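These features come from TrEMBL:
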DOMAIN    46-344  domain 'Plant heme peroxidase family profile'
DISULFID  56-132  disulfide bond
SITE      83  site 'Transition state stabilizer'
ACT_SITE  87  active site, proton acceptor
BINDING   88, 91, 93, 95, 97, 106  Ca(2+) 1 binding site
DISULFID  89-94  disulfide bond
DISULFID  138-340  disulfide bond
BINDING   209  heme b binding site
BINDING   210, 260, 268  Ca(2+) 2 binding site
DISULFID  216-247  disulfide bond
């Protein structure tokens, strides 16, 4: 807070000087020093953009090309990698603990059982080890792969700070930090706040559901006997019929349905339009519209409701950087795994 207040005070003085005021010339250098310090703080706990520029210059291009290659063979891999990074960061921070194999690891916990895409990370790691052995962490691979997945689905790119180490702990019992598909907004906000993420970050990051699917078994309860009178009343009545045809009460529970109806393969704001129209697939997603604290943010992303519009793609990238800098392992706190699924 002291740094922030000093920065604001000196910055205001500097702009006064530019307008002809006096007494600030001696603080010119200090302003830039504080700007540099603020930039470092934004980057995160030891991470920075271009961390591998000298030690492994081709790291980001290798990751990008490998993700692209797998995406071309199977486009559904993009939302899987994005979700994997999200699930990793909410447990022990962004340390690739979700990648570790074992009988009681995060990978086999119920919230993670439907995750896919581990082979993409393994393939990428193999290629990086051939070029820069023992240099690039699995945690950084996952963070960069998530960004590249968004770009491949027509989303906007952002700079990803790197320099994370890989964690050595992975316990299925720790995955309670992950938000559930029935969870209230208040509960979600508490979990996000524990990682230094605010309500806007919550809405922006959940907006990642603009790509990907959900199995019928996850949301079918909303369609049948949700209340004494039938389906979840927050679902548009015509959409209920559509979903019932896709997910019959005793039908295939594993059938996949787009989380963003009509635009499930494109990273855009259609997801929020669907929430406004009562067409959210997950109960927790639809609550972003029905809750008074999150609805205005959805409206801002849509540019409706008389509120100042915000660019969803830009805000998503900012929130991803904030999230990816949570619980970062540096120095002896972590390691650079040789194989992402095994601790060294």
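Counting begins at 1 with the first residue displayed.
Backbone N, Cα and C atoms are what each Cβ position is placed from, and that goes for glycine too.
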Closest of 83, 87, 95, 209 to residue 56 (disulfide bond), Cα positions, recorded positions only: 95
For 88, 95, 106, 268, listed as binding-site residues, tell me which one has the smallest number of other Cβ atoms within 10 Å. 268
How big is the gap, in Å, between the Cα of residue 247 (disulfide bond) and that of residue 268 (Ca(2+) 2 binding site), rounded to a whole number? 25
Between residue 268 (Ca(2+) 2 binding site) and the residue listed as 'heme b binding site', what C-alpha distance do you get in Å? 10
Among the recorded positions listed as 87, 88, 91, 106, 260, the Cα nearest the Cα of residue 216 (disulfide bond) belongs to 260
Of all the recorded positions given, 83, 87, 209, which residue's CB has the most CB neighbours within 10 A? 209
Of the recorded positions 87, 132, 209, 260, within 10 Å of residue 95 (Ca(2+) 1 binding site) (CA to CA), in sequence order, we find none
